[in-house]
């Protein structure tokens, strides 16, 4: 038996969990680093639920722990592992791994929202104050107060309790607390947070009375302005004292102790006032009272500072939640401008506590006026709106402020419109508006994404006190919030306007398509004539000679070409297999014919018909139909007939150079895409739906093949793809079983049929070449006249003597190798190759003849010289 070596023993120990745990305990730096790098959210949450949630931890302890963790993280070798040049993040994703409240919540009605109910947070009740006079008990009361301060952030409740504590020391009859505030002009004033706190008074009683005092006026205003305490023995002997409050309340003020409350920057944030010393020292406050009052007010300063930070964070959180809700609303509703404006107005009214919200939409056609005005009042929030009532209300709206803001592109904040001299209320500008209805006003422009154009104006009227409902001025916070709010309003309005514009464009398009489809469809008389003729007799394919690769249409009338097309559909079993109605097929054929332009020399109905005839011959005589599905056969014949629909007699290059609107629709194969779109329009026009017998999947498959086949007639795509096909043929690797190879073959077959005029008997080929040249020369003339450019030789009427040599070059570069490859796939398509070779010989002979004539002409000219 072999003995275990030292390495084996060490390996077994390392696999022992107890040994691993002991090692981790001995290497705490590594353990901490490993936990920081590897711990998951679930692990941290489990640790919290097991250890933290059941242990009450004071905030100071948590703060100290956080600071120690921060230090450890900074000292950890893994803490600073950022790549040089990487952007620094203000907040790490790991900071969000601790358990937080859900971002998205549902309200009582089940509606998803970003707004949470912050009023439901549980707080420990404040401990009742103790009024012992013993110094040890005073210390206990201070500790008790510190405990309350550390766990509560309600400034009103805490300051109320502080005053009750103070009462046990200085024994005043009444206490009041005033906080420093700023209006929209940044002018300071004082608002009572607690007023007339007395022994036995409740928090609700003390906080209900709200009084506003002017800065540097009265005793409280003076203390706030200068930051120095005042101890007044007889208030009525001090000229700064305002006796109006006594006259209103019936209370007699005698002695006053008034002290400032400062923050850590020594700025006055509030003023505390004690009135009427109740016992001792002749009813006046002593120096000891001042010291005790100042000591406790230091706690008030801490409370105010913490509470202001907390309230600011709550306000910012609430703001962000409202803005998130508004963003969600904007992206949720984009169909109706009226609906989205109603939701925006309701959100603004509810959050900002205003009486009225009016949103003006600027008229794009007439920038000096508004196209729409949406008005909502606080009573309408949550109720269905009546359009008639809203129109009547719109007549009572004053446009003066909105017009001013639109022109200046700057916000407007008016504390009291009746005192603003910029906008005098006269009969001319007042209209039907009742002046007393408007007190304070805030008006902000709504700009577009580029910030250089006003698309609307948001006007708020009468900000209300939450408790009393009294009208007050809008402050700077309101301005900032509305400024952020209108950014989302602008997005919503722009998105909705774009949606409405798209809807109007789509409606116009539908009407246009309806008109086009009516004019694109064949006339009923012509359809009935073809239907009657084809019902009587349609000659056989042999009689019509449409199975011959040498077929010529020159002797046929347009009606006879339509009969030939019906025969093609019939002999390919397409009518029977896809339940085509005879009337619909006749109308579709004549509609296709109608949508080829008669003023185009070559790319007209006759070219489309000849392409379809060559496709029919390849399928039947070339025996290619046996290797295709019925859907592929159907798609190829439709594509052959439709592949040049609405051809304008110019190529893609001309369309691009002339900056034709078609060039903006497609990035490549411009005309081919247009041909397919026209094909689709006819197939979907009423009375032309020959594919109505197909299932949905069959219909999609057929359209896909039709599109691929029509796009394949772009010679640029043919040149790009032919190398792959020729290589498969050369290596004898082509197979119809491979879907990609089959798709490639269908594309090559479409090109072969499109160019089949080059394979016709010489008299036919020569006549067609003249038609092609006429069309090309017309394009060259347009290039010279409209684009001021010299056309290529192929398009140049002055170079028509080069047609034979150019035809030889075209056959060698484009045609010959294609028909050779097609013959390898189906030997029955050999007539196409033979015809191409014979015509090459003819063109070559003409080219040589032209060259001799040119040489003879030069020789004769030389002899004359």
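In case you wondered, yes, glycine gets a Cβ from its N, Cα and C as well.
Under the heading phosphoserine, Swiss-Prot lists 92, citing sequence analysis as support.
What Swiss-Prot records for 154-304 is domain 'GAF 1'.
The feature domain 'GAF 2' is assigned by Swiss-Prot to 336-493. Confidence for the domain 'GAF 2' (336-493), expressed as mean pLDDT, is 78.
Positions annotated as domain 'PDEase' by Swiss-Prot, on the basis of sequence analysis: 526-850.
Over all protein chains present, the Cβ of residue 603 (active site, proton donor) has 24 other Cβ atoms lying within 10 Å. The active site, proton donor annotation in Swiss-Prot covers 603, and the record cites similarity to another entry as its basis.
Residues annotated as Zn(2+) binding site in Swiss-Prot, with similarity to another entry given as evidence: 607, 643, 644, 754. In the three-state DSSP assignment, the secondary structure recorded for residue 644 (Zn(2+) binding site) is coil. For residue 644 (Zn(2+) binding site), applying a Cβ distance below 8 Å and a minimum sequence separation of six or more within one chain yields 596, 603, 604, 607, 608, 611, 675, 713.
What Swiss-Prot lists as Mg(2+) binding site is 644.
Residue 807 (3',5'-cyclic GMP binding site) falls within a helix when secondary structure is assigned with DSSP. Annotation comment: Swiss-Prot describes 807 as 3',5'-cyclic GMP binding site.
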Shell of the Zn(2+) site beyond 607, 643, 644, 754, same chain only (C-beta within 8 angstroms of their C-beta centre): 603, 608, 611, 640, 647, 713
Number of other Cβ atoms within 10 Å of the Cβ of residue 607 (Zn(2+) binding site) across all protein chains: 23
Other CB atoms, at most 10 A from the CB of residue 643 (Zn(2+) binding site): 28
Residue 754 (Zn(2+) binding site): tally of other CB atoms within 10 A of its CB: 22
For residue 754 (Zn(2+) binding site), the three-state class that DSSP assigns: helix
Rounded inter-Cα distance in Å - residue 807 (3',5'-cyclic GMP binding site), residue 643 (Zn(2+) binding site): 23
Cβ atoms near residue 807 (3',5'-cyclic GMP binding site) (within 10 Å, other residues, all chains): 24
